[in-house]
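Presented below is the structure to which this report refers.
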Amino acid sequence: MNVYDSARMADVLAPLGYGPADHAEEADMVILNTCHIREKAAEKVFSELGRLRKIKTARAEAGQRMILAVAGCVAQAEGEEILRRAPFVDIVLGPQTYHRLPEMVAQAARAGGAVLDTEFPAEPKFDFLPEPLAQGSSAFLSVQEGCDKFCTFCVVPYTRGAEYSRPATAILAEAAKLAQGGVREITLLGQNVNGWHGDEGWGLGRLIRALAEVPGVERLRYTTSHPRDMDDELIRAHAELPQLMPFLHLPVQSGSDRILAAMNRGHDRDTYLRLVDRLKSVCPDLALSSDFIVGFPGESDADFEASMDLIRQVGFVQTYSFKYSPRPGTPAAAMDQQVPEPVKDERLAQVQALLMEQTTRFNHSCVGREMRVLLDRPGRHAGQLLGRSPYMQPVHVKAAAHLIGTVVNLRITKVHPNSLEAIPA
Ligand code: SAM
Ligand code: SF4
């Protein structure tokens, strides 16, 4: 989502004459687009601001101005604190107001002190953003934002606000524009992307069906989904639409019912497993990835083992795993029985080792298989191109440069530590 938001900020600023710079030292403006999901991510902002302050001072001494802005969820949650701890920052803006960046830049240029805009405006920012510029053959498209689910560990409902779905017409128009610009693969984005709903009762499955008909769109993905919002129509889309890639990121967070309840996830282990069964029964080559939190308050060894067991049972081919990070203002941060750091470290290492094993096994099972690969860039070696398999694995192949931006049939021949090797099928 932050990658998408950063690209849209660049779109908004382009008419003012701003374009991307390679290094902060050369930049008239630096925007830090920040994440508040875990403490480590939030703390990084302040260390990065320290580094940028030096660059800003050096530029000022050389008679060059640098506008420094902090955007994103840390700005939303800690706007005042940023201005207190880093008074050299010119602009602080939340994720819902970046369409107003040009005004903020003008205000900052008038040097009237720092500009702070962390409102949740009544009119959604999407109504004010210019058309996106297509870059490359794969693009993100934000369809939904915010969250009403209030998992007890999570800051998203506070920083991104209530659930909002963009209208289908706007999404279809943006997709058509991207496809005309050469995009072949679109990943639909949302904090609860499958909670998307449009007018006339459309759900995400119906939207994906309409997107599959947009000329030029060859591949569709969506992330991140919530198990509670996986409805029949979306499951059917996996069975019926070849454009919808057979790879689904479906976070579960824990394999223990006790912990899932304390997390306020609104589903238990069995419901999740039944959902996976339904998905795999309609789409047998579906592979799943997930998110796990280890060391949630009160997580016992047995609860943790239940997560390990679920990872084996579902056979996730990839997973993001995190140590629980207490976030200010969330219910879990105030819970008793916080798990000691060394225990979290040990559990994280175990989860990651198991997942590494499963990812490697899956990669090896791909050898000999034919796959449709979207070639999207030159490889590291001459005459080589790099692309993505339906399962998001990086694949390299010897192929002519004009094939960049096309989907080709390849046969996987070898597994490397971070990629697969292939030959034309
Ligand atoms: N909406 C998605 C869902 O319900 O699964 C997740 C979106 S959240 C932005 C991304 C991931 O960050 C979560 O799935 C969770 O694993 C992780 N996360 C969120 N809050 C966390 C916390 N306080 N500590 C550790 N990990 C956290
Ligand atoms: Fe956070 Fe996802 Fe839970 Fe919403 S559903 S509170 S975004 S983890």
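Every residue number used here counts from 1 along the chain in the order it is shown.
Any Cβ shown, glycine's included, is placed from N, Cα and C.
What TrEMBL says about a protein is an automatic prediction, not a curated fact.
Features reported for this protein in TrEMBL:
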| type | residues | note |
| --- | --- | --- |
| BINDING | C147, C151, C154 | [4Fe-4S] cluster binding site |
| DOMAIN | 1-110 | domain 'MTTase N-terminal' |
| DOMAIN | 133-361 | domain 'Radical SAM core' |
| DOMAIN | 364-425 | domain 'TRAM' |
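Within 8 Å of the Cβ centroid of the [4Fe-4S] cluster site, not counting the listed residues C147, C151, C154, the chain contributes K149, F150, F153, V155, V156, P157, Q191. Listed in sequence order, C154, V156, P157, R160, A162, E163, Q191, N192 are the same-chain residues six or more apart from C147 ([4Fe-4S] cluster binding site) with CB atoms under 8 A from its CB. In the predicted model, the domain 'TRAM' (364-425) shows an average pLDDT of 96. Helix first, then strand, then coil: DSSP counts for the domain 'TRAM' (364-425) stand at 5 helix, 33 strand, 24 coil. Break the domain 'MTTase N-terminal' (1-110) down by DSSP state and the numbers are 66 helix, 15 strand, 29 coil. Note on C154 ([4Fe-4S] cluster binding site): other Cβ atoms within 10 Å of its Cβ, all shown chains, come to 21.
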